[in-house]
Structure formats: C-alpha cells, structure tokens
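**Student:** Taken from Swiss-Prot, the feature L-aspartate binding site applies to Glu175, Arg221, His456, Arg503. Residues annotated as ATP binding site in Swiss-Prot, with sequence analysis given as evidence: Arg221, Asp222, Glu223, Glu496, Gly548, Val549, Asp550, Arg551. The region 'Aspartate' feature in Swiss-Prot is assigned to 199-202; the stated evidence is sequence analysis. According to Swiss-Prot, the site 'Important for tRNA non-discrimination' annotation covers His33, Gly83, on the basis of sequence analysis.
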Amino acid sequence: MHRYRSHTCGALRPSDVGSTVRLSGWCHRVRDHGGVLFIDLRDHYGLTQCVVDADSPAFRAAEAVRSEWVIRIDGRVRQRPAGTENPDLPTGAVEVYIADLEVLGHAVELPMPVFGDLDYPEETRLRYRFLDLRREKLHANIMKRGAIIDSLRRRMREGGFFEFQTPILTASSPEGARDFLVPSRLHPGKFYALPQAPQQFKQLTMIAGFDRYFQIAPCFRDEDARADRSPGEFYQLDIEMSFVTQEDVFQAVEPVLRGVFEEFADGWRVTQSFPRIPYAEAMLKYGVDKPDLRNPLLIVDVTEEFSAEAVTFNAFKNLIRAGGVVRAIPAPGAASQPRSFFDKLNDWARSEGAPGLGYIVFEEEGGQLIGRGPIAKFVPAEVQAAIAGKAGLKAGDAVFFSAGTEAKAAGLAGKARIRIGDDLGLSDKDQFAFCWITDFPMYEWNEDEKRIDFSHNPFSMPNYDHKAFLALDPADADTILGIKAFQYDIVCNGIELSSGAIRNHRPDVMEKAFAIAGYGRDVLEQKFGGMLNALRMGAPPHGGIAPGVDRIVMLLCHEPNIREVVLFPMNQRAEDLMMGAPSEVTAKQLRELHIRLNLPEKSA
C-alpha cells in the first residue's frame, strides 16, 4: 500500500464497502459522541467520515487529534447506519472504521477557522491566505479558475489560434497607467518595466507574419484596486488577428466566450448572439457604455417634451436653455409603491450629488391617462401623454427624470435605471447577458484645454475613408468630432470584460490622427518610434481584443470581488501581507543597482 493513501478523501463509494483503505488529509472536525469519535477527514478532493471507538487500537491516538492536524488513517470501509447518510457528500453513504492512525503534521491554534461561512477581516484572510484557501468555497473558486483557463485555451486552439509568450521585462510605456519599474544592474540608471499589456508585442507578432495569436498574459499596472480589478497584476486572454475586419474579431471571440460561459454557467442562460450597440445608443438608452442588459428598462430623451412652451417646470427649462438635457427612466408598476419608495429614490439621488429625481405617476381616470406627483402640475396633459408614449408607459406606471449636462443627466439616469430595476424586481439576474459596444468616437472636445483630443484608443483605425481622412482640415471640428473609430468593448452583466480595436496599421493615417489631436510628428517618433518603424516595413491590417480572465472567473463564480478568485491577492494598498511585500532591500543590493533612496519625510 502507498505510504500515504490508497484513495483520496472524495473517492469512496458503496462499492468500496469491505475494503481496507488508507487515507491522508486534514482533520476537518472532531466530534465526540460518548466514547465514539467521528473525524471528518478532508483533502483536496473531498471529505470522508471516519469513526473510531475504544475497541480500536487507534482510539488513544485519535483522542489527541485536533482540528487541522494532518493525519494518516488505515481502516475498513463500511456502510453508514440507516438514517445517518449525508446526501450532500459524494462519500456520504459510507464511513471508514479506523484501525491505525498516524499524525503527519500538528497544527497550533489557528487565527481563523477553515470551515463555515463566517466572514473574517480582509487583513486576517490575506495574511493567512493559505488557511483561507482551505475553505471550501474559495478552494472551489480557484479550481474553477484553472478549469476556465483550460477551456479558454482549448477553444482558442480549436479556433485556429496559436499560443505565444511575450517578454515580461520590457520598455516603459509613455502612455496608460503607471509602470512597475525594474532597475538594470548591467545598465546603471536604466530600467525595465513590467508590461501593462503585451500590446506592442502582439502587434509586432502580426507584422512578423504570424496570423492568429493568443496568450493567457500576465499584466502589471501600478494602479488602485477596485472590486473588479486587482492592484498590481492581472491576467487577460490576449488575442490578435491579421487580415481581419471588426466583424471577423467578433465572430472569432463570441464562440469562445459563449462556450466557456455555457460550460460553467451552473444553469444560467447565456446570450446566444451578442447584440451590437453603438456607443451613442448605449449612453442614451442605458446611461453607461457598459450596460447591464439583465435590466429591461430603457432610458429615453424627453428634452423636446420639456422644451414645450406650455411646460412651466422652470428647473428643467432653465437647464435646457443652458444646453442641458432631460432623460426619463420608466418605472413599470411603480404607481402601487408606497410614498417611501419615491422618497428613498430622491434621497439616493441627492447622495449622488443631484438635487433629486422628479417623477410622475400615471393613473387612469375616465379613460384618460392622468399624471400625479410633485412636477405633474407643471406639465400639461398632452406633454404627459407624449412622455408616456415615448417611454412606453401606461396606467399604474411611473417615470423618473434626470436633468443636467448630457454627461451628468446620462450618468444619473444610468444609475437610477439599475436601482429602479432592482427595487422593482425587474432584473432577470440568472443569466449572463453579453453585448458589444461599437462605434466609439475617435475624438472628443477637451474643455479644459479647449482643443480636440483622442476620446479612447489613439492607435485604433478611424472608421472613415482614408483619403478623405488624410485630407481633413484640423480646424473642421464638426467633421472631426463626428468620426467614429473601429473600437469596441465586450460587456457582460454591466462589467466591461475587454476593449479591443482594429489597429491603425498605416503610418500616414496614424501621423494624421495624432496631428488632428495636436501631436507633432516629432512627439510621435519620440514616444512610439519603434512601432512606427515596424509599421513602415509592411504591416498587415490587424486587430484584436483582450478579455480579462479574472473578471470572467469572477462572473462565473458569482463573486462580487475579484479577490475571491485570485490565488494570492494583494490588499487594497497593493501589499502582500503574507509574504511581506513590498519590502526594504539591503544596502548592498541598492549599491549593485546604483540606486540611492530619496524617501519623503515622515509627517510628525
């Protein structure tokens, strides 16, 4: 028999009854039932109930065992007594009567238990992450993560993609988030950077003549943590393709993501054909460029209706005269809600920095749709009817309003849409609702600097005739601000999984694109000369995307925080409490790197 085990703790079944087995694992729990000890033995694969009584030579040793000790037991498999089976365990029909027990590893009193759903402070969980990972749910999340990555790899290979590995030590990027810098011992005063993404390398791979690239790529950015973003490092499914249109990228990526989500959906529905939503439409209908389509509510613009001469609600009319807009958020069935429902929404809007949410409640009176509420008296019946018609409202429904600059009105309306949908129970949560956001503006007006600037990705291809683009007058702001880019986001349940683009592979178009935004050729050469040089040597049309692996896993594990799907995450301050990183280094190490510290003075 093997030194430590003949079976794992999740393997035994009724067919093993009568067998002599050896198991090793952690003592999950010990229960003393008056001279009979029950030890739940746990390993990576599962849990088995083991039993020992005073008739066994192992009883004395078993009495000393405590939680989380690591032990080996030999014993015989037997059927559990009728009525004591545990249907929630794969091994729940059997138990092992212990004949021999060996302690392989003792455990001191633990700073946190490893069973149950008790929530412990983040600092404790991260400092003792190896204990936290023994907890069933977190352990399962990490295993699911590995299975998801395996599935992604398999599906990419089936789609004709080849896996590459790009450098981890590279040059610092002049754009984007802050780099993590690595000093060079051989080149004093110079630094490598950890890649924020393999963006330039994957494009260079296409220029090198490869066709379909992918990589489960580690990425490093010195930025603050969020619920859906780890500080420091994360992984993405990095993808690039040659000789493709935007639609080709969609057709390659959709089956991969749809297939992975269907494989791990646990019964949730998955969007079969991802809708394409133009950016402007998303901002109007959902108030955000990453809409949660599980919520059926659609925002509508009612600026024209509130501009009517007969409307006397001056708070909105004054905003409209100043260039603002009014957005309406429907609330189906909300007329039956108590006054507190409306008051809470108004209080919430004030907490968001808005003066409140005006609203109208619709009722039927004499066959007519009649509006009630604090602003209804300022809005004539014909305008109320027009608003109701545009928003698809009927008697028993309500509508809320958000007004201000287009950005502020859209932002508040988008948040209100989610809140109202949740409060009214309208959102269908048991699904993964995907969409593509397309047609991002190439440029935007920088109000602070009074000039045109890039709106999103400066390296994407303009969705504009190239000859006409090269001939554009930089002073023709109206035309330029109307240009769209071949940029796209993929969104699931209101979470942006990735941005992507068809790349600008033509140096002349790239130079013109930067010139329109006020960047001279010298700036372009200085910051991006290496990439420009490669583009001048025969670059194919190419494009790609990079869905975030951590966010995919977070969604499929139904976790609200990305920390719950990362093996050894940092805390919110980018500290590894378990390993003590970041840490000070020795003076000798600093001398070898020709580095002298100039630390800020500590405040008194």
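Glycine is treated like the rest: Cβ placed from N, Cα and C.
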**Student:** Pick out which of the binding-site residues Asp222, Glu223, Glu496, Asp550 has the most other Cβ atoms within 10 Å of its own Cβ.
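**Tutor:** The residue with the most neighbouring Cβ atoms within 10 Å is Asp550.
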**Student:** Among the recorded positions listed here (His33, His456, Arg503), which has the Cα closest to the Cα of Asp550 (ATP binding site)?
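**Tutor:** Closest by Cα distance to Asp550 (ATP binding site) among the recorded positions His33, His456, Arg503: His456.
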**Student:** By a simple count of other Cβ atoms within 10 Å, which of Gly83, Gly548, the recorded positions in the record, is least packed?
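**Tutor:** Comparing Cβ neighbours within 10 Å for the recorded positions Gly83, Gly548, Gly83 has the fewest.
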**Student:** Between Asp222 (ATP binding site) and Arg503 (L-aspartate binding site), find the distance joining the two CA atoms and give it rounded to the nearest Å.
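**Tutor:** For Asp222 (ATP binding site) versus Arg503 (L-aspartate binding site), the Cα atoms are 25 Å apart.
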**Student:** What are the sequence-distant neighbours of Arg503 (L-aspartate binding site), meaning same chain, six or more residues apart, C-beta distance under 8 angstroms?
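**Tutor:** Long-range Cβ contacts: Gln203, Phe459, Ser460, Met461, Pro541, His542, Gly543, Gly544.
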**Student:** Glu223 (ATP binding site): which of the recorded positions His33, Gly83, His456 is the nearest Cα neighbour?
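**Tutor:** Ranked by Cα distance from Glu223 (ATP binding site), first place goes to His456.
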**Student:** Check the Cα-Cα distances from His33 (site 'Important for tRNA non-discrimination') to the binding-site residues Arg221, His456, Glu496, Gly548, Val549 and tell me which is shortest.
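**Tutor:** Nearest in space to His33 (site 'Important for tRNA non-discrimination'), counting only the binding-site residues, is Val549.
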**Student:** Can you tell me how the residues of the region 'Aspartate' (199-202) break down into helix, strand and coil by DSSP?
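**Tutor:** The composition, in the requested order, is 4 helix, 0 strand, 0 coil.
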**Student:** According to DSSP, does Arg551 (ATP binding site) fall in a helix, a strand, or coil?
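**Tutor:** In the DSSP reduction, Arg551 (ATP binding site) maps to helix.
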**Student:** Counting only residues 6+ away in sequence within the same chain, which have a CB under 8 Å from the CB of Arg551 (ATP binding site)?
**Tutor:** Asp228, Ile495, Leu497, Ile562
**Student:** Counting other Cβ atoms within 10 Å of each residue's Cβ, which of the recorded positions His33, Arg221, His456 comes out lowest?
**Tutor:** His33
**Student:** Measuring CA to CA, name the entry from the recorded positions Gly83, Arg221, His456 that ends up nearest Gly548 (ATP binding site).
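**Tutor:** Of all the candidates listed, Arg221 is nearest in space.
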